[in-house]
Amino acid sequence: MAERRQIVPCGSTFVPFPRLQPSISDSRERVQVEFYMNENTFKERLKLFFIKNQRSSLRIRLFNFSLKLLSCFLYIIRVLLENPSQGNEWSHIFWVNRSLPLWGLQVSVALISLFETILLGYLSYKGNIWEQILRIPFILEVINAVPFIISIFWPSLRNLFVPVFLNCWLAKHALENMINDLHRAIQRTQSAMFNQVLILISTLLCLIFTCICGIQHLERIGKKLNLFDSLYFCIVTFSTVGFGDVTPETWSSKLFVVAMICVALVVLPIQFEQLAYLWMERQKSGGNYSRHRAQTEKHVVLCVSSLKIDLLMDFLNEFYAHPRLQDYYVVILCPTEMDVQVRRVLQIPMWSQRVIYLQGSALKDQDLLRAKMDDAEACFILSSRCEVDRTSSDHQTILRAWAVKDFAPNCPLYVQILKPENKFHIKFADHVVCEEEFKYAMLALNCICPATSTLITLLVHTSRGQEGQQSPEQWQKMYGRCSGNEVYHIVLEESTFFAEYEGKSFTYASFHAHKKFGVCLIGIRREDNKNILLNPGPRYIMSATDICFYINITKEENSAFKNHDHQKKSNVSRSFYHGPSRLPVHSIIASMGTVAIDLQDTSCRSASGPTLSLPSEGNKEVRRPSIAPVLEVADTSSLQTCDLLSDQSEDETTPDEEMSSNVEYAKGYPPYSPYIGSSPTFCHLLHEKVPFCCLRLDKSCQHNYYEDAKAYGFKNKLIIVAAETAGNGLYNFIVPLRAYYRPKKELNPVILLLDNPLDDLLRCGVTFAANMVVVDKESTMSAEEDYMADAKTIVNVQTLFRLFSSLSIITELTHPANMRFMQFRAKDCYSLALSKLEKKERERGSNLAFMFRLPFAAGRVFSISMLDTLLYQSFVKDYMISITRLLLGLDTTPGSGFLCSMKITEDDLWIRTYARLYQKLCSSTGDVPIGIYRTESQKLTTSECREIASQSQISISVEEWEDTKDAKEQGHHRSNHRNSTSSDQSDHPLLRRKSMQWARRLSRKGPKHSGKTAEKITQQRLNLYRRSERQELAELVKNRMKHLGLSTVGYDEMNDHQSTLSYILINPSPDTRLELNDVVYLIRPDPLAYLPNGEPSRKNSICNTTGQDSREETQL
């Protein structure tokens, strides 16, 4: 068989055509044909080498640039070697003295340059020869090269003057082409600003060099100027100084100077205009983050779709609050142009040196390269919560996260997502905060543990605890001081706080660390385990490598310890828990920057001291009750096992309760999840799924005939959720309310209200509800004015507040600044005082100026944007998101405790102090208290009200306020309302004012009536005057309830609770006095940890059986 031939030209690129299989009938040999991508011609090869190939083209242009510089250098040498000729003949302009070696070098350069120019013109020829000939670089090349080539054949022309200095313009042209080829060769694009600056500098140098050489040559028949004098004249002339000591003398040189000035006036402004335009565009886009700075300094990148001033300041204040982050740079990558407020803030020296704004998209690799994302320490990706379509906003966030992960796989990602169903797309991120998960979980826990949202917000904010210290009110000082507590961590063996408790139980270490140092140990993490355990209980034994998580005003590394021995000696003989008002303490000076805070601490009692026992019923009047000591190692026999899973509510119920309650529960995991990525939670479940028709409370069905909440006869008070839609986030609201550790007898019915007119509110039982939760309306989040996004929610809550004053309303807002409008009272003196305090705290630079607003302090309102700081803190404290999720019940870890609360009753006041309560809880149930929710009466004197009103320039008539207050007390003899001392805004409403005017006109213009009629009218007028707005609203609600056939019993008992204020004390000092109705926040150990191994499996089997029977999707 003949050998198959394949012809492949050397150095060519080809694409082989697929060869067909020869048929049986075809006996001829087939030839393979290659189709070339480039023409296989000599011209194409030359074009590939000189033009198309970046690297070879760069070498050619670099060689050309060197030739032009060499020719200019040879011209300078010729001028320096030439002797000034005598006389003023014009022949000196056209003829020069040129040595033979110099002529030979210039001829060689001319030959090479002209040949290269002709060759490049031939390769770039596209059919129009005049286009190639009339190009300025070609004309200059001909002027500088052709005379030298002619002088080869005509020796008498060797000394002919040739303006070789014009080669500087050809060098400039070669430099521009060389920079472009350099960018193509290294696959990297420099900024347009760099190119424009290079062009401007080269243009200016060429103008100066041309002017120097031209004047020097034309003055050969004049003053015989040398090159230095010409340089001096050009600089003085172009700088518009014009000393006049050196001037051109001949008319030709003067004409040349005029021509050069005209050229400069035309060329340079154009160059400066382009440079200014690029500079303005650079200012808008932000330029690039320096590669050298990225390699030598640390920086983080913040990716947002739109940057608002509030978001920027929250991020900067929280990020730079940590001392070790002071040297970090923040690079902001945003697709929109920087607004005026952000630009003004970034011009402040404190931020201008550390914050760099880049306009660009995270989806473009070029912009990520500008931000040096591959060298960044972290990337924060935030969602835009102000958009109507929150799902679309999440989609944009997901794409940004994917783009960053693809470009910089090793860069840690901190992502904020809005919808929980979109969270599984970004599971690869290092830290994720889902807004709706946290929002609904905090709303739910606010119904169980009051002000949980305020507790979490204060814990995740960085503060020094200096807020409110200038206030005259004691509660604001205590509240502000305790707000400085945060969560910190330290290894046990490296800690002064906890090192001595190695080998002892967790509750023992927590109690004694609080008693001795004032710190609250809340959690632990094993060295070989990533899971954090909140209060693992008294059976947990501390080891040296454990990581301890504690709440304190500052971390241990910033604390200095100082013991006062004289206090210890003076109190050695006194009982540590029977002191009259204050415990003996050692002082610990906790320093943070320039702030020194004196923490109270009690010394440990010796083993030989008196033993405190639990209260005894028999000898209550004989001896004072005592508290058992906290054991180093848990004693199973003496420890009271938490009864949350002992099923007292199930097994020990009375027969009457069993007869009245037809609802049967089982503990287990929900069989279905509304979205991917939800954490399974052990909770109360129904044995059988309720039909969908029975979920409608206002409509009867074949299973029940109830049409309002009252008819259902719920034993516990209701929790009403007013939302716009039943989203998947409601799952995180319901699950904490049905958690397994809550007794059945304390489970509150949950009613979802998708629309809230007055009739629906009354039908769903708002008059006897425990809490009313109002979810922020998503449809109003996009407003022309950003802060108007909360307008609908605020007005709706205010309407509920005016109609049902004693109703506990909990809501969430988009902007923290709008919290001042919650429960708004226009003439409330106390609110005016708090507003003034908030302004002062903001002037002092506080990030928590809003914390003294009564609705926020009481846990009635919060802003989910406050939790943005949780994501920022995770950069320094990578455990904060995990701890917060455990506290809110979003995650459950085996062996980890949960957040709950207990109320201090009159029977508990014998404990007296927070330290004794700490010991009582640790020794009995193993609970760890972390704070107190305290409610006090609101007090404000009339003089204070008058002073505040005058300072605020608000017209308030105190005398009228006092008179109407007396009128109210006389007019409220039938009702049980308790009004605030500052509720004068409801005394003279417009409706009652118009009614009074109508009554006066009627009495003046009407006919004369009898004495009885006149007395009746007078009585009506008096009643109308005394009638308050509260009575009018109450009558309106009662009439509506009667119209709907609802009972008005219970509505009259709704009292106005505005005369009280509530606040949180996080980790108060051990000697803090307990007060009646204090709510103590507890981290209770996991009850499953104390159960036999078989019991949980029994409960799980019930749940699994239930899940197998029901196959339908869960309906919310």
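Cβ atoms here come from the backbone N, Cα and C positions, even for glycine.
Record features, source TrEMBL:
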TRANSMEM  62-81  transmembrane segment
TRANSMEM  101-125  transmembrane segment
TRANSMEM  137-157  transmembrane segment
TRANSMEM  197-215  transmembrane segment
TRANSMEM  256-279  transmembrane segment
DOMAIN    297-433  domain 'RCK N-terminal'
REGION    960-991  region 'Disordered'
REGION    998-1017  region 'Disordered'
COMPBIAS  998-1011  compositional bias 'Basic residues'
REGION    1092-1116  region 'Disordered'
COMPBIAS  1099-1108  compositional bias 'Polar residues'
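A Cβ distance under 8 Å defines the sequence-distant neighbours of the transmembrane segment (197-215), meaning residues of its chain 6+ beyond its ends; these are 72, 75, 79, 163, 165-166, 168-169, 171-172, 175-176, 179, 225, 227, 230-231, 233-235, 238, 248, 253, 256-257, 260, 263-264, 267-268, 271-272, 275. Taking H, G and I as helix, E and B as strand and the rest as coil, DSSP gives the domain 'RCK N-terminal' (297-433) the counts 59 helix, 28 strand, 50 coil. Taken as a whole, the domain 'RCK N-terminal' (297-433) shows an average pLDDT of 89 in this prediction. Within the chain, the transmembrane segment (256-279) has long-range Cβ neighbours (under 8 A, six or more residues past its boundaries) at 192-193, 196-197, 199-200, 203-204, 207, 210-211, 214-215, 218, 237-238, 248.
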